[in-house]
Amino acid sequence: MRPLPIAALAAAAALSTVMAADIVWNANNPDQVGPWLDAEAHPYLVRASSLAHAGTYLLIGAALVRSGAAIDRSRRLVRVLRWILVAGYSVFAAMYAWMGFVDPSLELAESLQAVVNVAFLTSLVVPIVLGFALVRRRELRVPVVLLIAPLVLLPLTLLLGPTGWAHPGYTETAVNLGLALLALLATDETPRQPERARTNAATSGASPAAISSAGRLRPFTSNE
């Protein structure tokens with residue numbers, strides 16, 4: 001069991017309910033922000049929502065670090081992409097933690113806003129690249145699909161614009177769940193030849209010519 005990735009997955013699932021509430025609210029109240037975003041009227045709701053975001057991003061980033069070796073498998077590209085995501089999620093965690101503990105009506109300076117914007121773009125693009133980099137890993141099929149999902153969800157969000165149901169939460173939820181599952185399901189064990197096949201090959205005395213291209217032993221008798 002991996003408690004840290006499990007905690008990250010649970011936090012991502014919980015945060016998705018907050019985003020779902022925001023999506024429904026925006027669709028039905030297009031001229032009014034949700035109470036969990038109104039720092040003047042409901043500062044404590046904003047603090048609670050911000051801490052939920054901060055905790056989720058912190059757990060996902062920590063899970064990516066904890067499961068790093070299993071995710072990377074010594075592949076440099078995967079390692080670089082993973083650390084870029086860790087950095088981006090650290091920025092998000094710090095920003096939301098500040099809103100939760102210090103100032104719920106956070107107004108960033110232009111320089112800090114630029115950093116947040118870069119982190120946001122990173123969280124959209126890098127997971128897609130990471131997903132394609134891991135596409136051949138069978139144990140990671142589900143997280144890979146979620147990481148690549150923004151290719152579909154982003155255009156869908158644009159199409160939903162006139163209806164009032166457009167929201168970045170669709171993409172963010174898919175990526176958060178994908179990264180948490182990636183940390184949970186990744187294993188550093190490479191596929192091994194079945195034990196029975198290795199034993200048969202070692203004890204039968206068969207020559208390499210007696211082994212088929214599929215890796216199975218051909219019929220071998222003492223009369224050959």
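Using N, Cα and C of the backbone, Cβ positions are placed for all residues, glycine too.
According to TrEMBL, the signal peptide annotation covers 1-20.
Note on the transmembrane segment (44-65): residues 2, 4-5, 7-8, 11-12, 14-15, 18, 35-38, 71, 82, 85-86, 89-90, 92-97, 99-101, 104-105, 176, 179-180, 182-184 of its chain, located 6 or more positions outside it, place their CB under 8 angstroms from a CB of the stretch. What TrEMBL records for 44-65 (among others) is transmembrane segment.
Annotation source TrEMBL lists transmembrane segment at 77-99 (among others).
Distant neighbours of the transmembrane segment (111-135): 71, 75, 77-78, 81-82, 84-85, 87-89, 91-92, 95, 143-148, 150-151, 154, 171-172, 175, 178-179, 182; these residues of the same chain sit at least 6 beyond its ends, with a Cβ under 8 Å from one of its Cβ atoms. According to TrEMBL, the feature transmembrane segment maps to 111-135 (among others).
Per TrEMBL, the feature transmembrane segment maps to 142-161 (among others).
Residues or ranges marked as region 'Disordered' in TrEMBL: 190-224.
Look at TrEMBL and you will find 201-214 tagged as compositional bias 'Low complexity'.
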Beyond a gap of at least 6 residues from its ends, the CB atoms lying under 8 Å from the transmembrane segment (142-161) belong to 124, 127-128, 130-132, 134-135, 167-168, 170-171, 174-175, 177-179, 181-182, 185
